[in-house]
């Protein structure tokens, strides 16, 4: 099934200037990057985006990391995009991620683990709408 999913290249990717390499993994998997933009999240935006994790011990460090520098937010499109992207991202903990995955090859630790990807269709819709307006998404097909 043709799906869209949200991808975030986290501050460690931007800081280390490896966004192009990460994008190669995405494109080589058959997924298309249909729109992307670089932004600097505010604390409020980061807390709102990750509010599902508010009660977790890692919430504050996650928020501090996500506002530490620019991120690249992307909409990916392809067959089974959600599960495919989660597969090429690799395990959340890079120590458990397979070689050949983004986290396995590039992540420094569980906190600076390079990427975020939607985990369900419902979350993909919510997360894409969080970063991209309807106008931005509709204008993809206009020249």
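Glycine is treated like the rest: Cβ placed from N, Cα and C.
Secondary structure at residue 86 (ATP binding site), taken from DSSP and collapsed to helix, strand or coil, is helix. Sequence-distant contacts of residue 86 (ATP binding site), defined as residues of its own chain at least six apart whose C-beta falls under 8 angstroms from its C-beta, comprise 117, 119. Taken from Swiss-Prot, the feature ATP binding site applies to 10, 58, 86, 92, 103, 113, supported by sequence analysis.
Residue 116 (active site, pros-phosphohistidine intermediate) counts 21 other C-beta atoms within 10 Å of its own C-beta, drawing on all protein chains shown. Positions annotated as active site, pros-phosphohistidine intermediate by Swiss-Prot, on the basis of sequence analysis: 116.
Its own atom aside, the Cβ of residue 10 (ATP binding site) has 23 Cβ atoms within 10 angstroms in the protein chains shown. Within the same chain, residues at least six positions away from residue 92 (ATP binding site) with a Cβ under 8 Å of its Cβ are 103, 110, 113. Neighbour count (other Cβ atoms within 10 Å of the Cβ, all protein chains): 23 for residue 113 (ATP binding site). Of the residues the record lists as binding ATP, namely 10, 58, 86, 92, 103, 113, the two whose Cα atoms sit farthest apart are 20 Å from each other.
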